[in-house]
Amino acid sequence: MSNYKEIAWQGLWKNNPGLVQLLGLCPLLAVTATLTNALGLGLATVAVLIGSNVLVSLVREFVPKEIRIPVFVMIIAALVTVVQLVINAYAYGLYLSLGIFLPLIVTNCVIIGRAEAFASRNSVGAAAFDGLMMGTGFTAVLAVLGAVREILGQGTLFDGADQLLGDWAASLRIELWHVDNSFLLAMLPPGAFIAMGLLIAGKNVIDKRLEAKKPTPEAAPAITRARITKVG
């Protein structure tokens, strides 16, 4: 159980793919203009991460080390194709919004990195849980970044939620304030870089405060040595 707790802690916070490893920055910065797009890409990434970790863990004993990377990439590409077809069939609006970044999940270093560093060395259960935690941590960063950019840029939240969840989700849209013109800096890549930097800085501040609260180990008492100068 403690091993699974460590996997969760690593994926959600300590070794978060977005805030610590800084992997997958291209889609992370390009697709997070709205919370809906961020959640859509995040959920797709979670599905591929779990599936690829499970399959890699299952075939790890049968794949020669010399060709393991091409095999892992083929597994990931097959799963991304399945996810892409599912989104195309059931969430076509989201499929159009994500565009090229959906098939580019194949090249996401988070996925191939976990397949190589963890799934190929651990059991199926641990690999699946690692994929879930790493994917959830990555999705959380996407969601926070998407929410911040959407609020600052458009004054809304969950705009276009019907593209992800269906027609009923159109009622989830929240207009926090009315803006005649969008705040372009928040919607464009420079704003995404600034927001990402602030998120990383915030995490570092929290980590330092948590580290400062840890009790410092007490120093061992010094050993005093008595010097004998006279015998008898």
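Cβ from N, Cα, C; glycine included.
Taken from Swiss-Prot, the feature transmembrane segment covers 18-38, 39-59, 69-89, 93-113, 128-148, 182-202, and the record attributes it to sequence analysis.
Tertiary proximity for the transmembrane segment (18-38) is limited to same-chain residues at least six positions away from its ends with a CB under 8 Å from its CB atoms, namely 45, 94, 97-98, 101, 104-105, 108-110, 113, 137-139, 141-143, 145-147, 149-150, 153-154, 157-161, 163-164, 187, 189, 192-193, 196, 199-200, 203. Here the transmembrane segment (39-59) touches the transmembrane segment (93-113). Their Cβ atoms form 3 or more pairs under 8 Å, with each pair 6 or more residues apart.
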